[in-house]
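Structure record follows, encoded as structure tokens.
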Amino acid sequence: MVYLWLRAETKAMEHRAALTPSTCKTLLDRGFKITVERSRERIFDDEEYEKVGCHMVPIGEWRKAPKEAYIVGLKELPEGETDPLEHTHIFFAHCFKNQGGWTDILGRFDAGQGTILDLEFLNDAQGRRVAAFGYHAGFAGAAIGVDDWCHQKLNPGQVLPPYKPFPNEAALISYIRERLDRAVALNNNKVPEVMVMGALGRCGKGACDFARAVGIPEAKIIQWDMAETKAGGPFPRILESEIFVNCIYLNQPIPPFFTPEMLDHERNLSVIVDVSCDTTNPHNPIPVYSINTTFDNAVVTVPTKNPLPLEVCSIDHLPTLLPRESSEAFSRDLLPTIIDLENREQSAVWGGAEALFKQKVAAMKALA
């Protein structure tokens, strides 16, 4: 019997869940055992899990879980802890691409003889991710990008207000579209141009779909992907658009898309949304900021010699702006792979994830 333990997320403003009540019911019907930590932040009420038969426990009890339980989550473990980790964890660890602090988290698992099965690196035989939040990340990222541009026109010089989750896509589209109509009227009826980098992927498709949904004409949605960028950056064309949404998947060093010096010159660009959010990656192709922003403080100002303001949104969990829809889509896609835990030893997906974890631990030790 496979035992899953859904831990409560502790990251601020994280309302999503890797396992939804509907996927839990499917798994329980197959004979899985599921424990769920109670959470006031999760978009799904505790009662929704209880109703389908999950066993409920207080937040943080995963540390006392039986060793055979898979600890399932989404975002990082609580900050500031250093104790060894003995369980097998399924989550986005954000430590396999040499991000800041990667050796610390890997060291905890190595010390406790635990394992990370990273959700970002669960790939099928064709190398495609079995489940991802990419579409909703791009959708939400474009929403904040357009909204920030509107805010610059409607409330120049004022701080962008905090964001709260929206109940569904329709509510988000309606809110931004109304603001866009007012902002365009103040901009001599000129609609902003939105440039999407990585437009052919799931994330890029989400960004383009949002731009269309709020009425931005197709001619004003500039879609770049591998063909347009194969020669390598920098790309001055980015500076011609008012809004730039970066949706690439960074898996190797690439030249920067633009340099800080380029921003000092004439440009239309006033909003950057780095959906990819490789903030601490040494090869971040947007080398003009160094912090992750939050839903409470969604943008950070980039200092330039150009009087036109420039702000960056670098929220690393954008889909939680639409927590119910994004969770249902992700959990539904993940479900067949979770079921494969019944035969994990024969699963190429889980075997590949474990092999990658061992490879990264070996790389960490080689640095010692």
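Backbone N, Cα and C atoms are what each Cβ position is placed from, and that goes for glycine too.
Automatic prediction, not curation, is the source of TrEMBL annotations.
The recorded disulfide partner of C247, taken from TrEMBL and restricted to C203, C208, C277, is C203. Of all the Cβ atoms in the protein chains shown, 28 others lie within 10 Å of the Cβ of C247 (disulfide bond). In the domain 'Alanine dehydrogenase/pyridine nucleotide transhydrogenase N-terminal' (5-140), the DSSP tally of helix, strand and coil residues is 41 helix, 23 strand, 72 coil. Its own atom aside, the Cβ of V275 (NAD(+) binding site) has 30 Cβ atoms within 10 angstroms in the protein chains shown.
When other Cβ atoms within 10 Å of the Cβ of T229 (NAD(+) binding site) are tallied across all protein chains shown, the result is 17.
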